[in-house]
Amino acid sequence: MVYTDETDETHEGVVLSNAVVTSRVIMGLERFKPDSTIFADEAVLRDGYRPDQLIERDNELKQYQSALKPVINGAPPKNLFLYGQTGVGKTLSSRMIIERLDEDQQNLDDVDVHFAELNCKSLNSSYQVAANLINEFREPEEQIKPTGYPSGMIYTMLFEELEKLDATHCLVVLDEIDAIGNDDDILYKLPRANDNGNVRDTSVGVIGISNDFTFRDNLSARVKDSLCDEEIHFPPYDANELGNILKQRASEAFHDTTASQLDNGAFELSSDILEDDVIPLCAAFAAQDSGSARQALKLLYKAGDMARDEESDCITEEHVRRADEAVERDKVREELGRLPTQSKLTLYGLLLLEQESALPAKRNRIYERYVLAAKRIDADVRTDRTIHNRLSQLTLKGFLDVREQNKGPKGGSYYEYEFSIRADIVRDVLQGDSRLQELFDGIDGDMTLDKF
Ligand SMILES: Nc1ncnc2c1ncn2[C@@H]1O[C@H](COP(=O)(O)OP(=O)(O)O)[C@@H](O)[C@H]1O
Ligand SMILES: [Mg+2]
């Protein structure tokens, strides 16, 4: 293919060069062009977008604000624990409340609140949270390394930072704190910093936020006592609530779409872009599955994306259904990707059997193939019993189906496994894992294990 130079603009993208007629459109790639008749501002559907209004959370906000009232009165803050599944507005509520508190404290002479916010998603111990908090307080040139100090010392340093603050109060927001698992020391030490005499000049309050219910149930008794002066539960949204959140957001995201709020708080939508069933359907899908506003917004965004790609004038119910399937597939992929190597090797065993059209299969056949695969990549070879447990876990997670086979009175019974999701998705995800690469080394990524 000959790429011509860019000087000749007169031929509308087609120029003559060396007697070869060449289109300047790069083969197979469409041109980028500004769209669209669908989106006015798609960024408002993205996860990072911060709306002005929190919808359908009046009770939780009231409880939250009232729990922080002592601060504004100059009293020691309460420690709060917020919990609820992902996507139910915990982070957004916290941000809004803190902004409001920050704004209102400006008018008060004898209260000066400092805020420290930390997302703990990738921090898996109290130590790491403490170290990262210290760095939140420090200037860039004074940052500490996140490892290597004795744990007593890291807390002393943290208390020093709090003591040093030129503020009457410090509120520490620890979002997604469930990441620290059982190692919850900091959730005792920090809320008790004043009571235990570690910090005197600054009143310290902790707001812990968790996506995980089991984390709350498993907090040690002393943490429950100190962190949970007040607990605020964020329940999943129902379809109606999700519908209102979506309508408000849709009015900003799509062309020719307006939403008006009625006296009872509900929203009414009028749109040339969204067919009537679109929002109710997005809301219903998300409500059935998780009650997460994040999921509902993602679905609406994806449906819009599909409509745009197809250059359709509007978003239809059909777009939403297909978007739902796509979102579901992405979720499965993500969950598969996070599995430990041993589980992936087990799945690889099933993939081989699938290739041989030998599924469903008994556990010993899966195990034979698992062993070869594990050896091939130099992974530990676990016992048959362990792999049995893996198979049960994979079944529980919804990746496999198991059924019991009865061979009559004498034959006894046994279990057979097969995929309950599409094998090509499993294959794709495993192939993307660098540790398993070698297992796909054949021509065209053919799965290769000698002997089979
Ligand atoms: N009540 C609400 N009103 C408007 N948008 C909301 C509401 N609740 C959640 N959202 C949106 O849903 C997404 C997830 O909310 P977020 O606060 O991050 O959830 P969580 O922290 O509970 O996982 C964000 O994009 C947020 O803007
Ligand atoms: Mg959050």
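Here the Cβ of each residue, glycine as well, is placed from N, Cα and C on the backbone.
TrEMBL labels come from automatic prediction, so no person has curated them.
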Legend entry - TrEMBL annotation, ATP site containing Val88, Gly89, Lys90, Thr91, Leu92, Arg249 - matching residue among Tyr64, Tyr237: Tyr237
Inset, instruction - List the binding-site residues Val88, Lys90, Thr91, Leu92, Tyr237, Arg249 whose Cβ sits under 6 Å from any atom of ligand 1, in sequence order. - result: Val88, Lys90, Thr91, Leu92
Inset, instruction - Sort Thr91 (ATP binding site) into helix, strand or coil using the DSSP assignment. - result: helix
Inset, instruction - Compile a sequence-ordered list of residues in the same chain as Tyr237 (ATP binding site), six or more apart from it, whose Cβ lies below 8 A from its Cβ; state 'none' when nothing qualifies. - result: Glu56, Val88, Ile245, Ala286, Ala287, Gly291, Ser292, Ala293, Ala296
Inset, instruction - May I ask which of the binding-site residues Val88, Lys90, Thr91, Leu92, Arg249 have a CB within less than 6 Å of any atom of ligand 2, listed in sequence order? - result: Lys90, Thr91
Inset, instruction - Count up the helix, strand and coil residues in the domain 'Cdc6 C-terminal' (347-430) according to DSSP, in that order. - result: 48 helix, 16 strand, 20 coil
